[in-house]
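Inspection log for the structure reproduced underneath, given as structure tokens.
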Amino acid sequence: MTDLHERYAASLMNTFGPPKLALVRGAGAHVWDADGREYVDLLGGIAVNALGHAHPALVEAVTTQLQTLGHVSNFFTTGPQVELAEKLLELAGGGPGHVFLTNSGTEANEAAFKLTRRTGRTEVVVAEGGFHGRTMGALALTSKEAYRAPFEPLPGDVVFVPYGDAQALAVAVSERTAAILLEPMQGEAGVVVPPEGYLAAARAIADEHGALLWFDEVQTGMGRTGRWLASEGVTPDIVTLAKGLAGGFPIGACVGLGAAGELFEPGNHGTTFGGNPVACAAALAVIRTIEDDGLLEHVTVLGQKIRDGLAADPRVTEVRGEGLLIGLDLSADVSAHVFAAALEHGFILNNPTPNRVRLAPPLVLTSDDAEAFLAAWPAILDAAYAQAGS
Ligand SMILES: *Cc1c(COP(=O)(O)O)cnc(C)c1O
């Protein structure tokens, strides 16, 4: 495996730092490395592997579609493409709308960003601490200085306001504002949950000024929080999706509801791969499995159990999130040590900030795996705090 790490360093651009593991196989919520070590995957490819690894329904859908019709250009359409668009509109509340399909989250946000320009206004009001992707447009909407600074100048007319502060939003938004962009929970920030009523307040503020309300549900959407959309109950004009949508097959979607779905005209936007029938068949298989296996309910119940278990340790100062999107704060800046100690114990998790841990396991995570993790949790923290010498 050293060999693979050396070859990686010699052949792949160094954007991610050295890989933590070289993985060879997965099944359900479990993955194996090249030395045969088994891990419970509590990160799920960063909220992507909704059905875990190698789920038969996903394998079968992709295989069958690829054997039948793998790619056509967007001069043509296919059954899976139309069926997926219809299904996404149904899951987004059932009203009229139109979908633009992409290959990733950042592309879904690029499409949405361009869509907002079609209002005739240019300003976008965005929350600090949010993450919307790495392409130039999506990056312009992402506040993190370390991500932005090396790539200035970025597309302009973006105004940042503190997340969760409805008053600040009300002050910032005006008749100049094309759109308000918010994550229902900030995933990359370590699962930051806004105060009750924040999304509804954003809806009212957008309406008052004729601005669009755009929710980035790339991470929170498609059952992750125990609901199809984490924003359920507040209807946006635009919702962007990706990560879990096709359970690991690359896809993204920009869903425009009502009039927002009609802002693009022919020639305004495009993609070669977006909306290809294999990705759409994969997404349909994921959605069907979530429905048929009652996974929303499972996610809700199991997520609560995990949050309660994690919070029981006094070194955990706060636990946040819903369903299987879980973030927690530690009493010290030891999250990198927690990551390493968890790996030693056979669990993959994520350390988005120095004192925060994030879990986004497959929606099919079993109670047994969750219990095994909670049983190991105090020992993982013991090891991490000892390592850190704090
Ligand atoms: C991951 C993420 C993105 C970017 O998606 P990519 O597929 O990595 O381009 C955008 N928005 C949110 C909220 C995300 O979590």
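Using the three backbone atoms N, Cα and C, a Cβ is placed for every residue, glycine included.
Annotations in TrEMBL come from automatic prediction, not curation.
Under the DSSP three-state reduction, Thr272 (pyridoxal 5'-phosphate binding site) is assigned to coil, being neither helix nor strand. Long-range Cβ contacts of Thr272 (pyridoxal 5'-phosphate binding site) within its own chain (separation 6+, distance under 8 Å): Ser73, Asn74. TrEMBL lists Gly105, Thr106, Phe131, Asp216, Glu217, Val218, Gln219, Thr272 with the feature pyridoxal 5'-phosphate binding site.
The Cβ of Thr271 (N(2)-acetyl-L-ornithine binding site) lies under 8 Å from the Cβ of Asn74, Leu101, Thr102, Asn103, Glu107, each of these being in the same chain and 6 or more residues away along the sequence. Residues annotated as N(2)-acetyl-L-ornithine binding site in TrEMBL: Arg134, Thr271.
DSSP assigns Lys243 (N6-(pyridoxal phosphate)lysine) to a helix. Positions annotated as N6-(pyridoxal phosphate)lysine by TrEMBL: Lys243.
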Determine, to the nearest whole angstrom, how far the Cα atom of Thr106 (pyridoxal 5'-phosphate binding site) is from the Cα atom of Lys243 (N6-(pyridoxal phosphate)lysine).
10
Just name the most isolated of the binding-site residues Thr106, Gln219, going by other Cβ atoms within 10 Å of its Cβ.
Thr106
Cβ contacts of Val218 (pyridoxal 5'-phosphate binding site) (under 8 Å, same chain, 6 or more positions away)
Gly105, Ala108, Asn109, His132, Gly133, Gly187, Thr240, Leu241, Ala242, Lys243, Gly252
Which binding-site residues from the set Glu217, Thr271, Thr272 come near ligand 1, judged by a Cβ under 6 Å from any of its atoms?
none
Measure from the CA atom of Arg134 (N(2)-acetyl-L-ornithine binding site) to the CA atom of Asp216 (pyridoxal 5'-phosphate binding site) and give the result in Å, rounded to a whole number.
14
Could you find out if DSSP has Val218 (pyridoxal 5'-phosphate binding site) as helix, strand or coil?
coil
